[in-house]
Amino acid sequence: MLQISHLYADYGGKPALEDINLTLESGELLVVLGPSGCGKTTLLNLIAGFVPYQHGSIQLAGKGIQGPGAERGVVFQNEGLLPWRNVQDNVAFGLQLAGVEKMQRLEIAHQMVKKVGLEGAEKRYIWQLSGGQRQRVGIARALAANPQLLLLDEPFGALDAFTRDQMQTLLLKLWQETGKQVLLITHDIEEAVFMATELVLLSPGPGRVLERLPLNFARRFVAGESSRSIKSDPQFIAMREYVLSRVFEQREAFS
């Protein structure tokens with residue numbers, strides 16, 4: 001379980017997050033949504049251990065987070081892949097740094113590549129892949145170390161609409177298969193409503209938790225309902241419009 005209590009953080013000397021209290025249970029998919037500058041990425045960087053926080057606590061499985069760790073896998077919007085390595089070696093890179101024996105890490109990489117639908121592309125280089133394929137590699141690399149928690153920072157923001165829909169459904173299937181705790185940062189309202197088991201709305205900076213919404217659309221998808229059916233459901237449309245109105249309210253209030 002991820003537990004965040006009374007978290008305060010600065011960015012560039014200015015308050016970025018204020019009194020953040022969140023819990024992410026095992027097997028849940030928490031989505032954090034908010035306007036630009038609300039501290040979404042700062043929150044993910046704090047949980048990943050990339051930057052320090054000033055007050056409060058962040059705990060994963062009862063242990064305080066003080067820096068990066070293998071129990072947290074991170075997927076970035078720009079992938080962060082190594083262009084001089086092929087797909088297989090990119091996926092295996094973290095395992096190599098951890099000292100995993102070569103044959104074992106290559107076998108794990110092969111299984112992860114297969115899991116994200118890139119079987120047969122193991123020897124391709126990153127520059128030979130589409131944007132969606134590169135994000136699949138990023139997800140496979142993050143999962144290769146078998147982390148407790150998967151963190152994703154707007155991973156589909158640069159993709160076209162069709163590819164983005166494919167990647168959303170892939171991530172939900174992986175979430176169901178692995179049972180991982182997942183925290184997704186996004187600015188896309190429809191994506192947030194579709195994918196979250198709990199949606200957290202942040203106010204403009206300094207970011208505060210404005211509202212927490214339990215949702216069941218992701219569970220409906222992994223239970224077998226199509227994404228098209230879900231997104232055309234009046235309940236889904238009503239929730240999407242409600243969240244949109246809340247985001248616009250905050251923009252108006254702080255403009």
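Backbone N, Cα and C atoms are what each Cβ position is placed from, and that goes for glycine too.
So that you can see what the record holds, here are the features copied from Swiss-Prot:
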DOMAIN    2-229  domain 'ABC transporter'
BINDING   GLY34, PRO35, SER36, GLY37, CYS38, GLY39, LYS40, THR41  ATP binding site
Check: What mean pLDDT does the predicted model reach across the domain 'ABC transporter' (2-229)?
Finding: 93
Next item on the list: Give the number of CB atoms, excluding that of THR41 (ATP binding site) itself, located within 10 Å of its CB.
Entry: 18
Checklist line | Listed in sequence order, residues with CB under 8 A of GLY37 (ATP binding site) and six or more positions away | finding: PRO204, GLY205
Check: Fewest neighbouring Cβ atoms within 10 Å: which of the binding-site residues GLY34, PRO35, GLY39?
Finding: PRO35
Checklist line | Cβ packing number for LYS40 (ATP binding site), 10 Å threshold | finding: 24
Item checked: Env. residues of ATP site, Cβ within 8 Å of mean position of GLY34, PRO35, SER36, GLY37, CYS38, GLY39, LYS40, THR41 Cβ -> HIS187, LEU202, PRO204, GLY205, GLY207
Checklist line | CB within-chain contacts under 8 A for CYS38 (ATP binding site), separation at least 6 | finding: LEU202, SER203, PRO204, GLY205, GLY207
